[in-house]
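Feature annotation from Swiss-Prot assigns active site, proton acceptor to D248; the stated evidence is sequence analysis. What Swiss-Prot records for K270 is active site, proton donor. Taken from Swiss-Prot, the feature NAD(+) binding site applies to E22, I23, L43, D44, supported by sequence analysis. Per Swiss-Prot, S-adenosyl-L-methionine binding site is recorded for P225, G301, G302, D303, I306, T331, A332, M382, G411, and the stated evidence type is sequence analysis. Residues or ranges marked as phosphoserine in Swiss-Prot: S128. What Swiss-Prot lists as region 'Precorrin-2 dehydrogenase /sirohydrochlorin ferrochelatase' is 1-204, and the listing cites sequence analysis. Residues annotated as region 'Uroporphyrinogen-III C-methyltransferase' in Swiss-Prot: 216-459.
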Amino acid sequence: MDYLPIFCQLHDKPCLLVGGGEIAERKARLLLDAGAVITVNALDFNDQFRAWEKDAQLTLVHSTFDPALLNEVWLVIAATDNQDVNNHVYASASERRIFCNVVDSPERASFIMPSIIDRSPLMVAVSSGGTAPVLARLLREKLESILPQNLGKLAAFAGELRSRVKIRFCKMSARRRFWEKLFVHDRLAQALASEDRERVQQLTELLFSAPLDDRGEVTLVGAGPGDAGLLTLKGLQHLQQADIVVYDRLVSKEILNLSRRDAERIFVGKASGYHSVPQDQINQLLEEKARAGHRVVRLKGGDPFIFGRGAEELEYLQQAGVPFSVVPGITAASGCSAYSGIPLTHRDHSQGVRLITGHVKHDTDLDWSSLAAEKQTLVFYMGLQQAEHIQNKLIEQQLPETVPVAIIENGTSTKQRVLSGQLSQLGELAQQASSPSLIIIGNVVGLREKLSWFSDQTA
């Protein structure tokens, strides 16, 4: 992060603006909106500046720049068309440790001005750090079209209720639930927009009198196969509302960072052959945190109901009487195959898909004869350690040794690597791969050369 995003309270604080033209005028409008006490320094000023001075909204100083103008100033903006003057202003401000913005010169500025979406008191700022101002502007325009115009009224109304909410609800979790109900209350938003104060009062009293369930809850969320962009919108919504996030090894840092900054994160990572936290302790942890009134997101890689032991955890919560819900995720078979250019079904090559756990032992009672049937795709989860056993059992059942296979390592991520070969080479390929990996077996793998689109490391 090259710049720390902050919002400055400049009301009644002296600020200096150097420049008297159109660019300086735009900056002056922002400072006026912020309630700053503005001194503007230039040799000449446009009509708007003269009008502002006439209305006593700011003070004009007709002169060349003098560093003495910086005395007792909180903030300065250099907005002239003379680079030497701008540099002089910046150097003088830096000597005095005063924040200075030089318009269109981020490399010569101690702070930069973002693109702003103004829904006062709600403010949204977008910045590219000066590297791509057009992109920042386009994002601002996009956000302007999405954010309702009455958000400011809703935010201001929330400010009026803050002290009452603190008195009414002792627990932070109860307050958060109240605010979330208020902010998604469509009828209240409409009443505020139409300035129907009587209706606003009625709806507000209903919110305060409605019982708030103080119990916590657990939401089982599938994080998808790796790429943070594959997290569902509903999964993102629950993640950003969670007080506590209990997550596994396969959940990426990028997805974790989408949670609230004040949310507690608890790692219970598990991998084949190693369990850092036993399953019964995970179950008890979820119950304990929910009973304490927290909103808990149990975040699992892929889809929690496909080899994720999600059902086991929910069975425990159901018996314990803890409320729960489920947000499905994109399972590894779907995500990794798509990012590798391997369709799981194809009219000419595969009429079905089998998802199989790779945690198979030599005495496991799998129906290997049905797995060796033609025109289907086999997807083995967590199968690296048993790859040679899988290879041998399928060949025993007359599945041709030449059937294409692929091992997808770190699928959908920037570290994705795909190892391709034939069934007879599966055990050998597995020795070159590491977890997490997915094994795909079937003629559809042969389409990868034509359909591959995602940049990865191929072997």
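A Cβ is built for glycine as well, from the same backbone N, Cα and C atoms used for every other residue.
Here the features listed in Swiss-Prot are painted onto the structure.
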residue: E22; record: NAD(+) binding site; DSSP class: helix
residue: L43; record: NAD(+) binding site; DSSP class: coil
residue: S128; record: phosphoserine; DSSP class: coil
residue: P225; record: S-adenosyl-L-methionine binding site; DSSP class: coil
residue: D248; record: active site, proton acceptor; DSSP class: coil
residue: G302; record: S-adenosyl-L-methionine binding site; DSSP class: strand
residue: G411; record: S-adenosyl-L-methionine binding site; DSSP class: coil
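Cβ atoms within 8 Å of the centroid of the Cβ atoms of E22, I23, L43, D44 (the NAD(+) site) belong to the same-chain residues G19, G20, G21, A24, A42, F45, N46, T80, D81, site residues excluded.
Within the set of binding-site residues (D44, I306, A332, G411), the lowest number of other Cβ atoms found within 10 Å of a Cβ is recorded at D44. Closest to L43 (NAD(+) binding site) by Cα-Cα distance, out of the binding-site residues I306, A332, G411, is G411. In this entry, NAD(+) is bound by E22, I23, L43, D44, whose most widely separated C-alpha atoms sit 15 angstrom apart. Residue environment of G302 (S-adenosyl-L-methionine binding site) contains 31 other Cβ atoms, counted within 10 Å of its Cβ in all protein chains.
A Cβ within 8 Å of the Cβ centre of P225, G301, G302, D303, I306, T331, A332, M382, G411, the residues given for S-adenosyl-L-methionine, is found for these other residues of the same chain: G224, L250, F307, G308, G329, I330, A333, G335, C336, Y381, L438.
Each of the recorded positions E22, D248 was assessed for Cβ neighbours inside 10 Å, and the highest tally belongs to D248. The subset of recorded positions (D44, S128, P225, A332) lying with their Cα within 10 Å of the Cα of D248 (active site, proton acceptor) is empty, i.e. none. Spread of the S-adenosyl-L-methionine binding residues is 16 Å (greatest Cα-Cα distance among P225, G301, G302, D303, I306, T331, A332, M382, G411).
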